[in-house]
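Over in Swiss-Prot, the protein carries these features:
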type     : residues             : note
ACT_SITE : Asp13                : active site, nucleophile
BINDING  : Asp13, Asp15, Asp214 : Mg(2+) binding site
Amino acid sequence: MFSIQQPLLVFSDLDGTLLDSHSYDWQPAAPWLSRLREGNVPVILCSSKTSAEMLYLQKTLGLQGLPLIAENGAVIQLAEQWQDIDGFPRIISGISHGEISQVLNTLREKEHFKFTTFDDVDDATIAEWTGLSRSQAALTQLHEASVTLIWRDSDERMAQFTARLNELGLQFMQGARFWHVLDASAGKDQAANWIIATYQQLSGKRPTTLGLGDGPNDAPLLEVMDYAVIVKGLNREGVHLHDEDPTRVWRTQREGPEGWREGLDHFFSAR
């Protein structure tokens with residue numbers, strides 16, 4: 001479909017896509033990450049994780065200095081060379097983590113919804129839930145514009161909770177393992193479009209875009225990509241796009257980083 005020589009941006013989800021859902025291993029994707037880095041193709045990480053978590057992962061993956069999308073699009077970490085852009089080093093969309101937490105605490109106290117947020121527990125508990133080390137688990141609590149939670153109520157109550165959040169200008173989003181509350185104005189798609197427009201403004205040409213994801217919260221991102229890889233995932237709802245033209249969308253047979261590699265193999269060889 002395209003070559004590594006043309007202007008190209010790769011947007012990638014993390015857990016269940018570039019990273020294995022259980023072990024967080026990414027080695028099957030390492031050859032492609034090296035090839036893209038050598039070809040000066042930016043790989044822009046896009047996740048529900050905090051910017052602190054993602055900056056650590058960026059360095060681990062050899063992607064430091066590039067922009068990234070954190071907290072499902074509520075936070076954009078700017079590229080190191082974008083220091084002249086207003087808001088550097090991060091752009092926050094919507095209300096803050098603290099304000100969202102206040103709303104959730106009020107709903108829990110007054111309307112008796114049952115859930116546990118990451119703010120309710122310590123890093124040892126999060127490490128147990130996620131399989132992360134204590135130091136990495138501590139980074140998951142550094143939210144700036146969203147709240148991560150475990151839902152502990154019925155599906156009927158979830159529908160009521162979602163409606164109440166919508167009334168208050170918030171959205172309730174499902175990730176690979178947890179649920180996330182963020183401002184209704186934020187999203188991976190809006191954040192990706194902003195980054196694409198910034199690259200276009202700086203280079204004078206709109207880059208071709210390829211997105212990879214495995215969960216329902218990746219659908220908005222994949223909808224705005226020129227090409228999309230839907231990595232086989234664990235979520236029972238999966239990913240469904242409005243336009244699933246097979247020349248544009250590839251569903252992998254493999255999961256996690258093996259699927260990530262499969263998707264890159266497909267689009268770079270299908271010329």
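A Cβ is built for glycine as well, from the same backbone N, Cα and C atoms used for every other residue.
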Worksheet item: Which residues, in sequence order, are found in the same chain with Cβ within 8 Å of the centroid defined by the Cβ atoms of Asp13, Asp15, Asp214 at the Mg(2+) site, excluding those residues themselves?
Response: Leu14, Gly16, Thr17, Leu18, Leu19, Ser21, Ser47, Ala176, Gly213, Gly215, Asp218, Val231, Gly233
Item to complete: State the three-class DSSP label for Asp15 (Mg(2+) binding site), counting H, G and I as helix, E and B as strand, and everything else as coil.
Response: strand
Response to the item:
Between the C-alpha atoms of Asp13 (active site, nucleophile) and Asp214 (Mg(2+) binding site), the distance in angstrom, to the nearest integer, is 8
Response to the item:
Checking the recorded positions Asp13, Asp15, Asp214 for other Cβ atoms within 10 Å of each Cβ, the smallest tally belongs to Asp15
Worksheet item: Does DSSP put Asp214 (Mg(2+) binding site) in a helix, in a strand, or in coil?
Response: coil
